[in-house]
């Protein structure tokens, strides 16, 4: 009787004909282990009404319609889904390549948010640990796929710029806007957050900075920069292996030994929050949708990489500005906006978890993974992001570390971080450095120093 009632009321949870029922304890257990990034992305989700769909007698058709309703229409960003077929049509009809570029970016926005939703759905059936691993590997899948396609096209500069932009946008734009909006909205309340999570992420970011600085400084240690090209590449690959090992230790720390530091609890939502902690589609449905979303992300990422230079020429903007500023903002717009919404609610632990967690994942996982993938592909990508880019990264990490050192927040801290981002953005906006044949900017200061000394 109970199974029949479940089949009538929630047929979309059936997998292989057997209902998947989550107990109240399981739902609460999952809720306590929800990540900050997952909760941030959930701000753009909307609850679907299955009253009309449940009247359809055909179980297969009903299951398909419910899946479409939950996955495609279950987000406030569903209005952007038409940009996906529009980008494909524009590509095959040979329309303006800048239009293909902007349509692809718009199409990537809801896809990135839906990937987060689908990984959470899978976590309902696999448990919080596997769900956390999925989030730790798929959380920035858009940036990773764009980077891999850029590597296949030997556009190393685009890879470095896009990954650097993701780190900068999380540390300065997202965190700064969150602290600013949260401080203004809660002027009469002292805003506090758990420093322990911030300290762990700051240490990881400093390790990543060290691995970026050493190849850069290494180029200035020889009589000629050309003599350091191969040794710097070997150093970068070795450092990348160390970074991936450190990230693996970070996952153990985050998901097993010190999970309580990274769990996000959205208190005060009551019954509505409990209702959200239920799987709305089955495991295999979630897995299938995730695979399909990844295919479209790969397709649009290829369009972005192929058309970014044309968009740069057409709009008069440098590739560095488009890659560092525009790509990260569009790719994770939903997750970033969710962090700001939680800051309005004075839930800074969630906002910090989104910004710092994503920055750590990019710097300690995505960047070294790209170096290793490039190594396998025979592409010579290193960790030397050049002087201007590495300097911007160093200042962003240092400023963020000083901002979060006392465990309290106010709007002025957010304003300073935001202004730092604007200044860095202005720097890359006016930058007009030509690329070398390998797609990497040659920015060195040794020759300038030698000329000054000789004078």
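Positions of Cβ are set from backbone N, Cα and C atoms, glycine also.
Look at TrEMBL and you will find 99-256 (among others) tagged as domain 'Sodium/calcium exchanger membrane region'.
Look at TrEMBL and you will find 286-424 (among others) tagged as domain 'Sodium/calcium exchanger membrane region'.
Summarising the annotation, TrEMBL assigns transmembrane segment to 71-93 (among others). Outside the transmembrane segment (71-93), and at least 6 residues removed from its termini, the chain residues within Cβ reach (under 8 Å) are 44-48, 99-100, 103-104, 106-107, 109-111, 113-114, 117-118, 280-281, 289, 296, 299-300, 303, 333-334.
For 99-118 (among others), the entry in TrEMBL reads transmembrane segment. Within the chain, the transmembrane segment (99-118) has long-range Cβ neighbours (under 8 A, six or more residues past its boundaries) at 37-38, 41-42, 44-45, 71, 74-75, 77-78, 80-81, 83-84, 86-87, 90-91, 135, 138-139, 141-142, 286, 289-290, 293-294, 296-297, 300-301, 303-304, 307-308, 310-311, 326-327, 330-335.
Here TrEMBL flags 130-151 (among others) as transmembrane segment.
Summarising the annotation, TrEMBL assigns transmembrane segment to 163-188 (among others).
With a cut-off of 8 Å between Cβ atoms, the residues of this chain six or more beyond the transmembrane segment (200-222) that come close are 171, 228, 231-232, 235-236, 239-240, 242-243, 246-247, 250, 253, 261, 356-357, 359-360, 363-364, 367-368, 382-387, 390, 393-394, 397, 400-401, 404, 444-446. Per TrEMBL, transmembrane segment is recorded for 200-222 (among others).
Residues of the same chain lying 6 or more positions beyond the ends of the transmembrane segment (234-253) and with a Cβ under 8 Å from any Cβ of it are 132-133, 136, 200, 204, 207-208, 211, 214-215, 218, 360-361, 363-365, 367-369, 371-372, 375, 381-384. Annotation comment: TrEMBL describes 234-253 (among others) as transmembrane segment.
Positions annotated as transmembrane segment by TrEMBL: 281-301 (among others). Sequence-remote contacts of a segment are chain residues at least 6 beyond its ends whose Cβ falls under 8 Å from one of its Cβ atoms, and for the transmembrane segment (281-301) they are 12-15, 20, 63, 66-67, 70-71, 84, 87-88, 104, 107-108, 111-112, 114-115, 118-119, 121-122, 124-126, 138, 141-142, 145-146, 149.
Long-range contacts of the transmembrane segment (321-344) within the same chain, counting only residues at least 6 positions beyond its ends with a Cβ under 8 Å from a Cβ of the stretch, are 37, 39-44, 75, 77, 105-106, 108-110, 112-113, 116, 140, 142-143, 146, 157-158, 161-162, 164-166, 168-170, 173-175, 177-179, 181-182, 185, 266, 304, 308, 311-312, 350-351, 354-355, 358, 425, 428-429, 431. Taken from TrEMBL, the feature transmembrane segment covers 321-344 (among others).
Residues 35-37, 136-137, 139-140, 143-144, 147-148, 151-152, 156, 159, 163, 166-167, 170-171, 174-175, 197-198, 201-202, 204-205, 207-208, 211, 236-237, 239-241, 243-244, 246-247, 250, 262, 332, 335, 383, 400 of the same chain lie 6+ residues outside the transmembrane segment (356-377) yet bring a C-beta within less than 8 angstroms of a C-beta in it. The transmembrane segment annotation in TrEMBL covers 356-377 (among others).
Proximity of distant same-chain residues to the transmembrane segment (383-404), defined by a Cβ-Cβ separation under 8 Å and at least 6 residues beyond the stretch ends, is recorded for 160-161, 164, 167-168, 171-172, 175, 179, 193, 195, 198, 202, 205-206, 209, 211-216, 218-219, 232, 235-236, 239-240, 352, 356, 367-368, 371, 413, 416-417, 420, 424, 427, 431, 440-441, 443-445. The transmembrane segment annotation in TrEMBL covers 383-404 (among others).
Here the transmembrane segment (411-431) has long-range neighbours at 168-169, 171-173, 175-184, 187, 317-318, 320-321, 324-325, 388, 392, 395-396, 399-400, 403, meaning same-chain residues at least 6 beyond its ends whose C-beta is under 8 angstroms from one of its own. Look at TrEMBL and you will find 411-431 (among others) tagged as transmembrane segment.
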